[in-house]
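Feature annotations, reproduced from Swiss-Prot:
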- Asn72: N4-methylasparagine (MOD_RES)
- Cys82: (2R,3E)-phycocyanobilin binding site (BINDING)
- Cys153: (2R,3E)-phycoerythrobilin binding site (BINDING)
Amino acid sequence: MFDAFTKVVAQADARGQFISASEIDALAAMVSDSNKRLDAVNRISSNASTIVASAARQLFAQQPSLIAPGGNAYTSRRMAACLRDMEIILRYVTYASFAGDASVLEDRCLNGLRETYLALGTPGASVAAGVNLMKESALAIVNDRAGISAGDCASLSSEIGTYFDRAAAAVA
């Protein structure tokens, strides 16, 4: 996993060049937005159980066959596994959001996840729908202006959304 700074240094080193002005500008913008980033990650982390529970409730309301006898989330053990997986994905989205880089999400969470779900018979489309529901809930919390650093969060919100999109695409 690389944070944004380490990634820029590694790329410049691989090119055998100094860090470019545009790379420095991009990192400077990230630093100037760091309080917003920390606020966003803190808000998602502090509301993780609510985000997961809300997404699960909505998912099971939309796809009741998942919790019906024979469904993939039927029995408390399977339901717990589903909620655990949603929480793990959300946790890695927060790591990527904090670092400003998706590599931790890709390398430690999503790599091989689709294959695992296929082997277990877990419907990837349902997992992707759950991830998208978590995205909606998390972004609503991030975009709530009450009690956070002043400023436009559109860019950060968009970035966080892409991490959820990567997760949904990886399992669909």
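Any Cβ shown, glycine's included, is placed from N, Cα and C.
On a predicted model such as this, the values are computed, not experimentally measured, just so you know.
The Cβ of Cys153 ((2R,3E)-phycoerythrobilin binding site) lies under 8 Å from the Cβ of Lys36, Ala40, Val142, Asn143, each on the same chain and at least six residues away in sequence.
Cys82 ((2R,3E)-phycocyanobilin binding site) falls within a helix when secondary structure is assigned with DSSP. In this structure, the C-alpha atom of Asn72 (N4-methylasparagine) lies 9 angstrom from that of the residue listed as '(2R,3E)-phycocyanobilin binding site'. In the three-state DSSP reading, the residue listed as '(2R,3E)-phycoerythrobilin binding site' counts as coil. Other Cβ atoms within 10 Å of the Cβ of Asn72 (N4-methylasparagine), summed over all protein chains shown, number 21.
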